[in-house]
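Student: Here's the feature list from TrEMBL:
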{"type": "TRANSMEM", "residues": "20-40", "note": "transmembrane segment"}
{"type": "TRANSMEM", "residues": "60-78", "note": "transmembrane segment"}
{"type": "TRANSMEM", "residues": "119-138", "note": "transmembrane segment"}
{"type": "TRANSMEM", "residues": "145-166", "note": "transmembrane segment"}
{"type": "TRANSMEM", "residues": "178-196", "note": "transmembrane segment"}
{"type": "TRANSMEM", "residues": "208-229", "note": "transmembrane segment"}
{"type": "TRANSMEM", "residues": "241-261", "note": "transmembrane segment"}
{"type": "TRANSMEM", "residues": "273-293", "note": "transmembrane segment"}
{"type": "TRANSMEM", "residues": "299-317", "note": "transmembrane segment"}
Amino acid sequence: MLNIRISILSPTGKLFTQGYILKTIILGQMLSLFICGTAVTSQYLAEQYQVNTPMFQSFINYSLLLLVYTTMLAFRTGNDSLLQILKQRWWKYVFLGLADVEANYMIVKAYQYTTLTSVQLLDCFGIPVLMALSWFILRARYKLIHFIAVAICLLGVGTMVGADILAGRQDSEGSDVVIGDVLVLLGASLYAISNVSEEYIVKNLSRVEFLGMVGLFGTIISGLQLAIVEHKDIMKIQWNWKIALLFTVFALCMFGLYSFMPVVIKVTSATSVNLGILTADLYSLFFGLFLFFYKFSGLYILSFVVIMVGFILYCSTPTRTAEPTALPQPVGAGLDNAALKIEENDSETLAGTVQFTREETVVVSTN
């Protein structure tokens, strides 16, 4: 029996799309809150206790990933075991770990050379880089509405930066603006590489493999860099329970961010996630109103709304994945293979699905 099923979107499909958008918004804002937690604790350590140890803080996070996810890989057997993964693709994860570690370090280091405005604006450079990498590596194909949505999100970021300037949050000119701006651009590009790699791994391999390998090589790389560039700063820390608590909260937020982001990327995309977390700076600012006595501006609310509108617009239309081009087959061989396939599967059911714009389902059956 040959069964050909032709199905299309129904009103329930529309409801599913609305539910998907709502789910994407919630997941994205949860990631933003994790990022907000890391930003607030880092700033509190810097301003209240003069503790500036970004590499040490990253080292703690990678160590937690190592203890949890690399240990899980160590207990696996077969092709998904830790030894097999290291044998097959260890060098790829070395580059991924290096990109992730240096992206974190460069963005934080840039604040010492350039202004808050430059960091906020240039950090958005990672989004077009991410889209370009997704186009070539993940074969993602965008529509006009996606580019419009990204432009709206970036407009929201520009509104936020304008609000910072009007509210007096603009810092001094910095010791070397050019070096700071270059660090931001490099860090944003490395973040894009890391995120695209993460999307590929969690959708084609596994979330545990990604986190386990990043934890392993991230711990090694950040540990070496820590010993070189930050050992003196760590020795100067005047430890007390408040500082220890801030380090603990930072580590938990960062660990939660790394653990949860692959889950969100798997159901959405790296580009969608990066658009959603643009609101993280706004959450940090809202906390700063009470902790650091920032001045409030109505433009912050406007920027949040603009970013969310762009984010929802982007999620409202799915991207498509381009299929790899198939090599042409000889005519004779193709006919012979087709005939052989029909003979082998004579009693099996062949099903195909075609999507139409009309809201109906048609089923055609032949014997």
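The backbone N, Cα and C atoms fix where each Cβ goes, and this holds for glycine too.
Automatic prediction, not curation, is the source of TrEMBL annotations.
Note that the coordinates shown come from a computational prediction; the quantities given were computed from them, not determined experimentally.
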Student: Mark yes when the transmembrane segment (241-261) and the transmembrane segment (20-40) have three or more Cβ pairs under 8 Å (sequence separation 6 or more) and no when they do not.
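Tutor: Result for the transmembrane segment (20-40) with the transmembrane segment (241-261) is yes.
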Student: Looking at 119-138, 145-166, 178-196, 208-229, 273-293, which one has the highest count of Cβ pairs under 8 angstroms to the transmembrane segment (60-78)?
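Tutor: Maximum Cβ contact count belongs to 208-229.
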Student: Given a Cβ distance threshold of under 8 angstroms, which distant residues of the chain, six or more beyond its ends, lie next to the transmembrane segment (273-293)?
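Tutor: Cβ under 8 Å, 6 or more out: 24-25, 27-29, 31-33, 35-36, 39-40, 43-44, 47, 120, 124, 126-127, 130, 149-150, 153, 156-157, 160, 195, 261, 264-265, 300, 303-304, 307-308, 310-311, 314.
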Student: The transmembrane segment (119-138) vs the transmembrane segment (299-317): three or more C-beta pairs under 8 Å (separation of 6 or more)?
Tutor: no
Student: Is the number of Cβ-Cβ pairs under 8 Å between the transmembrane segment (145-166) and the transmembrane segment (241-261) three or more, considering only pairs separated by 6 or more positions?
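Tutor: Since fewer than 3 Cβ pairs under 8 Å link them, the transmembrane segment (145-166) and the transmembrane segment (241-261) do not come into contact.
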